[in-house]
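Right, one structure below, let's go through it.
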Amino acid sequence: LSQSLFALFASSLAISVVFAIIPLCHNVVVLAVVMAVAGLAMGCIDTISNMQLVKIYQKDSAIFLQALHFFVGFGALLSPLIADPFLSDTNCILSNSTANASSNLPHIRKSLVPHHPGNLSHYDLPMKGMVVTRVSYAFWIMALINLPVPIAVFFLLYKERMVPCAGGSSYPLLSADELAMETRPSDKDELSTTVHRPHTAGGHDDLFSCCQSKNFRGASYAYFAVHITGALVLFMTDGIVGEYSGFVYSYAVEEPLSVVHKVAGYLPSLFWGFITLGRLISIPVSYRMKPATMVLINVVGVLITFLLLLIFSYSVVFLFVGTASLGLFLSSTFPSMLAYTEDILQYKGCATTVLVTGAGIGEMVLQLLVGSIIHDQGSYSFLVCGMIFGGLAFTFYASLLFFHRMYPKPPSDDMASPDKPAVTEDTGQYQR
């Protein structure tokens, strides 16, 4: 846990530093390196936060994962609103031809939207002159907004006596958390003595223990199949999130819909807004509904929504309705899949790394793939690709359900009974 918290502290601090540096980068290579550092930091935060919630709360982790990803969606919705006041509607380089260039900007934007970019050589854009822009303030504001996060993580490290210079021995985080334990008063004395027991040698207290080959010895084929099919489901669903939010605007402004540019600009915001709303709704729902059921509803809903979008492809109204529906169905897929897969694999946190990596690769690869297909085949292929990806997500999820049935159940523990919670040896956490 201390390794994870130190990694979260370093990663969150790196993001603030990166956002402060970005406006000062005057070389594209330097900017690329800085952005790569930001990507690494965000990947660390994404993986570690999900993994630790799973290991700490175990059976109750679905609720906390939904809350975590609600704030992810909320941040994605809020950050463009912070940046918007600092974005210029005119050219940022002042010269004698600035007036002409500013009047050309709407035409240039319209020429860039179709899948076959128009000829931009006849537009006069000044490339030399005094640069006037306020966009740097947006990056600095985001850096300041993020700064309390590493401060809070460091305070948590200090309070839990995990800072080397602070002195004192460390003790488990949330040792008296009722949500994690849910024990009766008669069990508290016994559990409090057990929680301070040192970890066993083969435990998962090491941040990189999942990568050790000894954990794979004797594992059944179903063990690997659960990891692979779970990662493939998130590869598709998170890929859909990336490609839909990235290309729905371009699809809307082209024929046959030909939506006005300003109106089409609301579609990505609507999509992310309903993802955030869906994650907020999923917090209480996940308390009553099993993660496996929630994922099934999500993948079926995505498939049906894309089918209806194809059928009503000439309806602007249904494009907005379908965008909202798609956001709702995709909203809780990621946290529910993490909770479901870790439930199969006994909450060791190892599957989280595989699933988060699969989701990240899908979000990157499918955007590139769909962008190339739209460029060659036209805007209608945007919905066809979504339908295919939704069908593949459903197929992979059906495979995951099959391998879940094939996966060997954990051996029964004589110490565990309906009246006595089972103690997980390798994590020091409690499971109902």
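Keep in mind that glycine also has a Cβ here, set from the backbone N, Cα and C atoms.
No curator has checked TrEMBL annotations; they are predicted automatically.
Residues or ranges marked as region 'Disordered' in TrEMBL: 411-432.
The transmembrane segment annotation in TrEMBL covers 30-49 (among others).
Among the features that TrEMBL reports, transmembrane segment is placed at 61-82 (among others).
If you look at the transmembrane segment (137-158), the same-chain residues 6 or more away from its ends with a CB under 8 A from one of its CBs are 2, 5-6, 8-9, 12-13, 15-20, 22-23, 79, 82-83, 86-87, 166, 173. TrEMBL lists 137-158 (among others) with the feature transmembrane segment.
Feature annotation from TrEMBL assigns transmembrane segment to 221-241 (among others).
If you look up TrEMBL, you'll see 263-281 (among others) marked as transmembrane segment. Tertiary proximity for the transmembrane segment (263-281) is limited to same-chain residues at least six positions away from its ends with a CB under 8 Å from its CB atoms, namely 66, 69-70, 72-74, 76-77, 80, 241, 244-245, 248-249, 252-253, 319-320, 323-332, 335.
If you look up TrEMBL, you'll see 293-312 (among others) marked as transmembrane segment.
When Cβ-Cβ distances below 8 Å are used as the criterion, the transmembrane segment (318-340) is approached by residues 50, 54, 61-62, 65-66, 68-69, 73, 230, 233-234, 237-238, 240-241, 244, 248, 252, 257, 259, 267, 270-279, 281-282, 285-286, 290-292, 294-295, 297-299, 301-302, 305-306, 308-309, 312, 351-352, 355, 359 of the same chain, each at least six residues removed from its ends. The transmembrane segment annotation in TrEMBL covers 318-340 (among others).
Same-chain neighbours of the transmembrane segment (352-374): 43, 46-47, 50-51, 54, 115, 210, 227, 230-232, 234-243, 246-247, 250-251, 334, 337-338, 341-342, 381-382, 385, 389, counting only residues six or more beyond its ends whose CB sits under 8 Å from a CB of the stretch. Per TrEMBL, the feature transmembrane segment maps to 352-374 (among others).
What TrEMBL records for 380-403 (among others) is transmembrane segment.
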Quick tally over 30-49, 61-82, 293-312, 380-403 of CB pairs under 8 Å to the transmembrane segment (221-241) gives the top stretch as 380-403
